[in-house]
Number of protein chains: 2
Amino acid sequence: MTRQTSQARDRGIPEATVARLPVYLRALNGLAERGIATVSSEDLAASAGVNSAKLRKDLSHLGSYGTRGVGYDVDYLIYQISRELGLTQDWAVAIVGVGNLGRALANYGGFASRGFRIASLLDADPEVVGDRIAGLTVEHIDKLESVIRERDVSIVVIATPATSAQEVCERVTRAGITSILNFAPVVLTVPDGVDVRKVDLSIELQILAFHEQRKAVGAAGGPGGSAQVGPGIGPGAGNEWAEAVEA
Amino acid sequence: MTRQTSQARDRGIPEATVARLPVYLRALNGLAERGIATVSSEDLAASAGVNSAKLRKDLSHLGSYGTRGVGYDVDYLIYQISRELGLTQDWAVAIVGVGNLGRALANYGGFASRGFRIASLLDADPEVVGDRIAGLTVEHIDKLESVIRERDVSIVVIATPATSAQEVCERVTRAGITSILNFAPVVLTVPDGVDVRKVDLSIELQILAFHEQRKAVGAAGGPGGSAQVGPGIGPGAGNEWAEAVEA
DNA sequence: TTCTGTGAAACTCTTCACAGCA
DNA sequence: TGCTGTGAAGAGTTTCACAGAA
């Protein structure tokens, strides 16, 4: 069960690291656009909103791509991260559900530049089928399986109402899809080996509300309510526990 | 390091738990609608897509709201979680940037039902200002500060292009906002005490692409069922998310 | 000297397994 | 008996701090 790959390096990159690589990539692209050729872990970390030790540890999982005393070559690092994420290849994506959100996604410019090509927009509503959006003609959901097969779709985005999401999910997994990005406010049940990521707007707002509430309460709270943060701040001083998620 | 062993009123709820409470809440609401009055940790966990030990541990941070040998009272648990998340109060939200995504957000029904009220839609484009969307008239960005002040806005959603996001961020934090949900593909710099959550669609897709690629490469003859359902609310996932809208 | 790469420590989160209550 | 609540073990992640390359 121990895995070894063609390369001697251990390919087990921590999930937390994978989730940050796209952030680094974006920061690096920004630097490249500004003509910056080399960057230190300190500076890149600042651009990406993490601390430098974490950044170095993350990058160390990919290999030794930096130069001690100097930093990282921006272009080279962009290439290495892109390759690691699989962005050097073309991914065909189908978007199911062309409501407000589906349209927003279809018009989002950040896909093509990262190797994602929208291969199809599908919807069940006859009113919507046939509309032209972002250069594509909306197709009927009946064609879901044939579109996936014929256009080599490997990632499906579900932007349907909650009630249809599970059914769409089952159809696409049956058609061989193993990567799904779900926007519908429902927990999808999928077979083993299928990777689902969920984006839920109202959940994000609820998490913000929790912290917002906490701030208000904590400010007036009693002595017992000291935060879990550092032991540093004593009582009496600032009570708000700062918690910028991003630097 | 002082440490109240008594779990009773320790208000330090783990971040990972907070991120899952909205999911439990959604599952519970589904049960309530179906007239189910009591639920076991096993069943609720299944509805929420987590394992039961995790669910029990999460709920134990709120207090002892279950009954041994029986389970949890659905309505009571809905109330307790809602209260913990601060959803029993009304939150005024302003959405800045009324492009495709801003419109999708404005029309998203999942807000109102959870105590979030859209108090204003703002945009810089004179073409858009004055449009009526989701029952609101789009206002000019010039009014940002006065809207926040006069309508008691506590959460701001940034759905502008990347180039404007930081400026909007600075204006709203100066106006006293400490909770921001950012959809612009950029890392915002904020003062301590300001909570930013980011949603970045292209990052989510890149993470999927990474795993998809991994499957293709390593799967050939690989270990039986790959398992690894990546979803749920990840740990690192808590903070890093995806985006949308650009030019 | 500067800055990377990395062991080790610290911390957080998940899972196990079972005591104990209804 | 059936199920919650929870210590304790385990796994994963972050941070520290410094050896060592350029």
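Note that Cβ sites are derived from N, Cα and C of the backbone, with glycine treated the same way.
A TrEMBL annotation is a machine prediction, not a hand-curated record.
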Handout entry: From B:23-62, B:183-222, the residue range that TrEMBL assigns the feature DNA-binding region
Key = B:23-62
Exercise for the section: Kindly report the helix/strand/coil residue split of the DNA-binding region (B:23-62) according to DSSP, in that order. Expected result: 28 helix, 2 strand, 10 coil
Practice task
For each of the binding-site residues (B:Val98, B:Leu101), count the other CB atoms lying within 10 A of its CB, then report the residue with the highest count.
Solution key: B:Leu101
Completion exercise
Judged by other C-beta atoms within 10 Å of its C-beta, the most isolated of the binding-site residues B:Gly97, B:Gly99, B:Gly102 is B:Gly99
Problem - Arithmetic mean of per-residue pLDDT over the domain 'CoA-binding' (B:86-187) - result: 96
Exercise for the section: Measure from the Cβ of B:Asn100 (NAD(+) binding site) and count the other Cβ atoms within 10 Å, all protein chains considered. Expected result: 22
